[in-house]
Amino acid sequence: MQSDIEICRNTPLSSIATVAANAGLLPHELDTHGKHKAKVHPQCLERLTDNQDGKLVLVTAITPTPLGEGKTVTTIGLSQGLSKINQSVMACIRQPSMGPVFGVKGGAAGGGYSQVAPMDELNLHLTGDIHAVTAAHNLASAALDARLYHEQREGYDAFEARTSLRALKIDVERITWKRVMDHNDRALRMVKIGLNEEGKNINGFEREEGFDISAASELMAILALANDLKDLRQRIGRIVVAYDLNGNPVTTEDLQVAGAMAVTLKETIAPTLMQTLEGVPTLIHAGPFANIAHGNSSIIADQIALKLSSYVVTEAGFGSDMGFEKACNIKALAADRAPDCVVIVATLRGLKANSGHYDLRPGMAIPDSIFNPDQAALEAGFENLKWHINNVHKYGIPAVVAINQFPQDSGQELAELKALIERFNPEVKVAVSTVFAQGGEGAIELAQHVVETCEQGAQFRPLYTKKQSLKEKLMAVCEVGYGASNIEMSELAKQQLAHFEKLGFDDLAVCIAKTPLSITTDSAIKGAPSGFAVPIRELRLCAGAGFVYALSGNVMTMPGLPDKPTFMNLDLDDQGNIIGLS
């Protein structure tokens with residue numbers, strides 16, 4: 001079989017103008033970027049306001065192996081399958097970060113015959129939104145350090161007299177805004193900035209600093225959660241970057257940099273339109289990770305797609321304990337729109353990995369032995385799929401299971417897995433998906449199940465209400481959402497929690513950063529554990545995004561590269577074609 005990029009390169013694509021017209025967009029509602037990409041003006045929603053909303057289908061997964069179980073390929077393949085059965089459909093996905101593209105997982109365009117195309121343009125830069133987020137974020141960092149430098153150098157009274165600005169009196173020990181970049185670079189997790197030659201201070205105020213990956217930026221979450229440009233601007237102004245010497249928040253509005261940040265992000269408010277290999281219109285917008293952010297594409301993209309099509313297929317990062325939980329408790333409440341149906345992607349290898357019989361770690365190749373028939377491992381790992389089915393049902397949303405088939409899979413084991421699901425819950429429809437090898441044809445049964453399941457109707461119920469305290473919200477996610485027995489907060493986290501509530505931020509949602517490789521915070525614990533503790537070491541305030549960010553276990557907000565990163569496979573041929581991208 002051809003590689004992903006070869007399949008993409010050998011598939012004829014429609015012009016983006018044709019794709020847009022087929023979706024129901026007008027020429028003046030687009031800004032084209034070459035032959036196959038266009039920015040879609042959110043103002044098109046004014047014209048479409050009377051259109052009935054379509055059905056929202058969210059794709060999640062079991063607890064994945066480090067290489068993933070195929071959510072994106074299923075999202076794209078299902079959209080093509082729905083098109084095959086004559087349904088009006090669009091897909092909405094996140095913009096890939098170059099960190100994973102060059103790191104472990106590779107690209108995020110789908111794969112095989114279920115891809116967003118051109119896949120190289122999607123995976124590398126796209127229309128520059130992530131770079132704009134990075135620039136706007138680091139502008140706030142530069143403004144913060146400049147203000148700190150001038151106030152410290154001159155003294156507060158002299159600074160106020162000279163500039164007519166209020167001295168912010170920033171507490172250098174309580175700066176919370178790190179810098180960001182769109183690469184995996186562990187060496188930047190802890191750095192010192194503002195270093196000077198002896199006797200000089202021209203380079204700023206020396207302090208400890210760190211970098212996060214751009215996907216973890218609060219601005220990325222804001223872009224994904226904003227309902228329009230006005231909302232984006234207001235959220236940017238609420239960002240807290242530090243605290244003053246009295247413990248009061250210092251915001252981007254206080255630094256008078258919020259407007260310039262919004263200007264930098266002006267073009268990012270528009271989703272990027274592309275197409276699948278079978279011509280299904282696809283909106284790409286925002287790229288927050290699900291392990292260290294809220295893990296869903298934008299509300300604006302969903303709004304546009306729901307007005308243009310009968311079905312919108314989107315995905316949430318990692319397993320249902322991760323991106324799906326945040327889709328329900330953060331995104332759905334911000335959008336006032338919950339999914340009508342959830343597709344849970346499962347694989348034989350993923351379930352066997354959850355049996356505890358295999359030791360799969362990031363950077364390791366999947367062993368061939370995992371594809372050998374192993375009933376004991378399959379049945380033990382099936383507990384994880386049961387957990388995820390029950391988890392989706394906690395939110396009152398009906399579920400469909402898509403078994404993503406690999407070429408090495410045993411037909412007998414696929415039949416056994418279908419039987420296990422049917423015995424566990426006969427109301428949960430299940431289909432074997434072969435979208436990687438067959439495109440939309442491989443998702444026709446899945447598409448039919450999704451249409452039928454959407455008609456059941458959802459009775460959506462999030463895990464907590466806005467009025468509950470921050471601690472109650474954390475406990476709801478950990479105990480009800482994960483099955484933990486309790487949370488264990490560090491002294492630092494307890495102090496931060498009390499401070500946030502004192503400042504009036506207890507009405508915010510909560511976003512827990514944890515490993516995606518286990519339902520717990522320990523990646524070595526597989527299956528469907530219960531009764532465990534969730535250690536929370538630190539809280540971060542994301543007042544603009546609208547949530548408090550809890551760091552659990554040893555999760556890092558700046559990933560590192562493995563010993564054999566995927567960038568080693570990338571190159572250009574003599575004609576300038578990219579090779580090795582997957």
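Each Cβ is built from the backbone N, Cα and C atoms, and glycine gets one as well.
Straight from Swiss-Prot, the features:
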- Thr65, Pro66, Leu67, Gly68, Glu69, Gly70, Lys71, Thr72: ATP binding site (BINDING)
Work through the binding-site residues one by one (Gly68, Gly70) and point out the residue whose CB has the fewest other CB atoms within 10 angstroms.
Gly68
Can you check which residues sit near Lys71 (ATP binding site), meaning Cβ under 8 Å from its Cβ, same chain, 6 or more apart in sequence, and list them in order?
Val59, Thr60, Ala61, Glu315, Ala316, Gly317, Val345
Can you give me the same-chain residues 6 or more apart in sequence from Thr65 (ATP binding site) with a CB-CB distance under 8 Å?
Arg349, Gly350, Ala353, Leu360, Ile366, Leu517
Provide the number of Cβ atoms within 10 Å of the Cβ of Thr72 (ATP binding site), excluding the reference atom itself.
24
Neighbourhood of the ATP site (Thr65, Pro66, Leu67, Gly68, Glu69, Gly70, Lys71, Thr72): other residues with Cβ within 8 Å of the Cβ centroid, in order?
Ala61, Pro64, Lys105, Thr347, Gly350
What is the one among the binding-site residues Pro66, Leu67, Glu69 whose Cβ has the most other Cβ atoms less than or equal to 10 Å away?
Glu69
